Structures are given as C-alpha cells and as structure tokens.
Amino acid sequence: MKTENLRINQDRLMDTLRDFAKIGETENKGVTRLALSKEDIQARTYLKDQCEALGLTVQWDDLGNMYALLSGKNPDQAPIYMGSHLDTVKKGGRFDGVLGVAAGLEVLRVMIDQGIEFNRPVGIINFTNEEGARFEPSMMASGIIAGKFDLRTMTKKIDESGMTFGEALELSGFKGSHANRLNQAAAFLELHIEQGPILEQRQLDIGVVECVVGMCCYEIDITGQSNHAGTTPQSMRKDALTAANHLMNILHKRLTKLDSDLVYTIGRFSVSPNIHTVIPNKVVFSIEARHKDEGVIKQVETILSEVTNECSLPSNATKLWGRNTVWFNEQVVQQIEESTKALDYSYTKMVSGAGHDAQFIAGIVPSAMIFVPSAGGISHSENEYTSWEACGIGANVLLETVYRLTTKL
C-alpha cells in the first residue's frame, strides 16, 4: 500500500477526544481525572469498550497499565506500542496524555479500516498514574516496570484521604496479572502535546523529541538570628531573608550566564518565624535546574555549592534528587523525522523539559516521542489547548512512523 493514501480520520479522532473530555469535565471545560478515581475508571472502561469493539485483545497488568493489541501477520513477533496516559492533574486540560492514547486508537482503527496486516503486532498502552497528582511520584507505573521505583514502596503511597495506591488499584477492577506487564517490544511511541511555547512560536507542526533533559533539585537553607524588628540596628542584624535574597540574586546572575538552554526554578520558599515584627531566623527554598548536557547540570551544582559557601550567614545546599538525560533510540527518532518529512510537515528536533512515561520505557524498549504545539505554551491548566488540526497532524506522523517501523524492525 502506498503511504500517501494512509491518513487518519481527523473527525473521528476529534470525536474520541471529545468523548474522553466529557469524563471528569470541569465547569471551565477542563478535566479532573485523577489516577484510579471513578472518572479514570470510566475513561478506562470507555477505552476498553472501544478497543474490544475493534476486535483487539485487551489486558491489564498488576499495576493497572492497559494493553490493547492487534495481532498482525506474525503474532509471535515483538509488538510496536503507542500510548500515553488517561489520568490528569486537578483542573487539567483535555489533551495532556489522552492525545497519545486516542491517537493510538485511531491508528489501529485506520489499519483495520484499510485491511492492513503489519508484519508484527501493533498496540496501545494506557499507563497508570503518570501525573502523580493523586499518588506521588509521577510516572509511577512506567517507573516500576522500568525498575526505577520499588513496587512495595509505591503500593503504600497514600492520597489525601489516606487510601493507598495498592488499595485504589484493588478497588478499580483494573488490577491484572504481573505476566501481562510490558517486557518485550520492538518500539514504543508517545505522541504528546509539547506543554511549552516553542513549536507555536516558531510556527512548526511537529517536534521530533531527541531526549528528556536531565535535572537536579536542591534545598537551600540559611540560618540567621531572630530579634526585635524595631530595636535591632540594621548593621547588627543576622537576617536570613536578606541573606537569601542576596544569594538568589547571585544565583540568577551566574546561572543565566551559564547556558541559554538552561532553565531553573525557585519553586518553594519558607520563612521562619514569618512574623512581621521579628527578624527572620531561617529561610529554606528549593531550586531545580534542567538541561540536556549533564556537564551543564554539574556546573549548576558547583555554582550552588560555591554560592552557599560564600553566604554571609550559615547555609547549606542539600541535593534532594536528580536524573540523567534520557536519550531516545536513534533509529526510532530517525523514523519519526523521515515520516514527518514524507508527510511534508514542518518540524524541529527538540528536547522535552517535562517528564513522560517514554523516558522510563526507553530503558527497556526502543522509544521516542512526537510533540505537537500547545497554544500559548499552556498545560496542566483548564486553558490547555491544541488545535484539532494539530492533533490530526501528530496522529498522521504517528501512523506513518508505525507503518515504517513495521518494515524496518
């Protein structure tokens, strides 16, 4: 079959996304569909029903990850999987995660409609608890599969009500067998909204994702001395907040000069005793930095150490956690790029600053990601939006890439 005739049905994809968006819809047309909640279970059931209507084999593993498979000519061959997640953050958007699942479903629909029998099975995966909005951490189930998280520890994670992940999984009806876990596949492809502004600003259709960037996260604490705010001369103060302000300004100047692609955030900040008549005796804040070059991350860590050591008051920089850059499989990335070119879509190679299931799955299966533009770069928000046309373009690249991979792998 000539691939120029191989296209997704954009109206059908749009209808599927709209159906998912109704499940957990908020007043402002966003979505709240926390992992293993009644809304998530409803979305899972909808996906299961749609897949079974196509004659797909649908299973789920002991973590609730869902797998829907079209056998192909050689059912014993390692499958190619597409997918992402159906859970959302609180008051999230209509496209984050679900686009990758819905587009995968649309690819399988097209294959069945066109009577295409690929050389190997092709399927979709819905990963459990990618967002970590109900049970921390994010990308829990894919992380367990990849050996990054301990199963026992994760099953004991609790939500705001005190329910554990393990309990919620048992109640969901979607706890299956360990034997169903992803353990062998030819490739994994994740179509996702960019969740950033680059593609829209550059007026590009597709982001061919080469890696998920590495990062480090530190907690900085500065110790001063509390005293009366009205009677202590300025020259005699040991003000932890003033010292913290000075330290942050120095960090900003030095990190900004380090590399133009470096992003860093001071996201958490606390002051003690936090009383307007008392000089602060303690400040604690977090800082995280992200970059694809691990050498740049090491330079950030060196700067953090130097700046805290030079602080006028006792201070410490404690590393909370970090991750190395995850580079996606070159062959799979190349096939995405060639597919995009063949479809005559504009694109750029880029990195992902956010974490995704594909970054963990890449450790066990050749993987890569496809990005489509996010309007205004907005995500994790009820205002999140990606045009239907952009969703269709991304799904076409996914379809073309799957078609090519079945002949290459």
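In case you wondered, yes, glycine gets a Cβ from its N, Cα and C as well.
Record check: TrEMBL places HIS85, HIS192 at the Zn(2+) 1 site, and the matching candidate among ASP76, ASP96 is ASP96. HIS380 is the only one of HIS356, HIS380 that TrEMBL places in the Zn(2+) 2 site (with ASP96, GLU131). For the Zn(2+) 2 site, the Cβ centre of ASP96, GLU131, HIS380 serves as reference, and the other residues of the chain with Cβ at most 8 Å from it are THR88, VAL89, GLY92, GLY93, GLY97, ALA133, GLN195, SER379.
The separation of HIS380 (Zn(2+) 2 binding site) from HIS192 (Zn(2+) 1 binding site), Cα to Cα, is 13 Å. Note: the Zn(2+) 1 site is recorded as HIS85, ASP96, HIS192; in the same chain, SER84, PHE95, GLY97, VAL98, LEU99, GLY100, GLU130, GLU190, ILE193, HIS356 also have Cβ atoms within 8 Å of that site's Cβ centroid. A simple Cβ count within 10 Å picks out one of the binding-site residues ASP96, GLU131 as the most packed, and that one is ASP96.
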